[in-house]
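Trainee: According to TrEMBL, the feature pyridoxal 5'-phosphate binding site maps to Arg38. What TrEMBL lists as substrate binding site is Arg60, Ser61, Gln68, Lys276. The feature tRNA binding site is assigned by TrEMBL to Arg234, Arg361, Lys426. Positions annotated as N6-(pyridoxal phosphate)lysine by TrEMBL: Lys247.
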Amino acid sequence: QGKCPEDGWDESTIELFLHELAVMDSNNFLGNCGVGEREGRVASGLVARRHYRLIHGIGRSGDISAVQPKAAGSSLLNKLTNSVVLDIIKLAGVRTVTNCFVVPMATGMSLTLCFLTLRHKRPKAKYILWPRIDQKSCFKSMITAGFEPVVIENVLEGDELRTDIEAVEAKIKTLGAENILCVHSTTSCFAPRVPDRLEELAVICANYDIPHIVNNAYGVQSSKCMHLIQQGARVGRIDAFVQSLDKNFMVPVGGAIVAGFNESFIQEISKMYPGKASASPSLDVLITLLSLGTSGYKQLLKERKEMFSYLSSELKKLADTYNERLLDTPHNPISLAMSLKNLDENSDSAVTELGSMLFTRQVSGARVVPRGAVQTVNNYTFKGFMSHANDYPCAYLNAASAIGIKKQDVDVFLKRLDKCLKTFRKEAKKEKCVNEVGKSNTSTEQLED
């Protein structure tokens, strides 16, 4: 049926299945005589075993989705993976998606592939409208494809940074719709930025006949992000949405899924990929989904949502202890932000120092964002880089509840963050103490007492 099984398979069943696929490839035939330049020869037995002897990769030189006659097993693996992944995308909330394929490139390069495909449809276009998100790979994806990003600054609504719909439409009128390749929007992002207003953007794209590409990097794990894509496609135009394999399915980095609602356009993107491709990302995600089954993946999504609520409530308690705030970002379903206003006021370097302290204490993934950072990316200068705005009101710390996170991760993070903040509090008190000594005859010991 080409669907993900409801109950996951055990490892021995998965291995048996992969060995059955492998014996369909010509490099594993007994008595095979290969006289071509690419015959699936592997010098190391360890490498062969690592890939389950599926050596030929996927696709043919002109189409990543095409079947290889001498690699029936690898071709079947490719077709099955794309079919199973499509089933999971529907299960996650985008029920009207019609086609998808796994591409052995991470999200940034996969977005570039989408833009290059659109180039042939809109030869006059040279601009891409991009509501600002301070993440380098999605910005570079447009530059690498040879287009000029037009940065649309976000608007501050409460603590949240949201899409400036009026600015997008004004820029379309200024530049001319025919000169714009597409709108490049984002769902999953670091708070206090929240997912773009996909429905409004999709309607604008439909009205002006402009393509719409969505960067859904780690949005598959969020029912809210997937709902936005589904609604955007229902009321307006979304041509393709791209998501990472590692962030959504807990596999090694190196693969992404390009999906959409127009089957022929998604096929066009797959045909734009030059040459054959590595089967490793497809193999990794197929093994993972067969082992989880739909019930296992649903359970992971449920646990992630529960951990988001837990992280949110516990981080708020900690913020209150230090006279800080958990920023109010209800439209962001994955990432949270806690203000670091007091830390920022006490020292210019304290915010970045906190980030270093957390990293040396083996807390990975937490981001500290100071005010006023300036970063130049491909000759474009961003003020307030990492905060998605030129001048966000305060410095802050990010933490996310992503798929696979456990209660222990949250508890250990909060404990270590608490210790770091206590250190800063002690130093601030000591400094205040020394200043008081300078103003009076009271000894340091008396003040400490």
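Just so you know, glycine gets a Cβ as well, placed from its N, Cα and C.
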Trainee: Using a 10 Å cut-off, grab the number of neighbouring Cβ atoms around the Cβ of Arg38 (pyridoxal 5'-phosphate binding site), all chains included.
Mentor: 13
Trainee: May I ask which of the recorded positions Arg60, Lys247, Lys276 is closest to Arg361 (tRNA binding site) if we compare their C-alpha atoms?
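Mentor: Considering only the listed recorded positions, the nearest one is Lys247.
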Trainee: Using Cα coordinates, what distance in whole Å links Arg234 (tRNA binding site) and Lys276 (substrate binding site)?
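Mentor: That comes out at 34 Å between the alpha carbons.
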Trainee: For the recorded substrate site formed by Arg60, Ser61, Gln68, Lys276, which further same-chain residues have Cβ atoms within 8 Å of the site's Cβ center?
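Mentor: Those within range, site residues removed, are Gly57, Gly59, Gly62, Asp63, Ala66, Gly275.
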Trainee: Report the member of Arg60, Arg234, Lys247, Arg361, Lys426 (the recorded positions) whose C-beta atom has the most other C-beta atoms within 10 angstroms.
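Mentor: The most densely surrounded of these recorded positions is Lys247.
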Trainee: Measuring Cα to Cα, how many angstrom lie between the residue listed as 'N6-(pyridoxal phosphate)lysine' and Gln68 (substrate binding site)?
Mentor: 30
Trainee: Relative to the Cβ of Ser61 (substrate binding site), which residues of the same chain, six or more apart in sequence, are found under 8 Å away?
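Mentor: Looking at Cβ-Cβ distances below 8 Å from Ser61 (substrate binding site), excluding near sequence neighbours, one finds Pro274, Gly275, Lys276.
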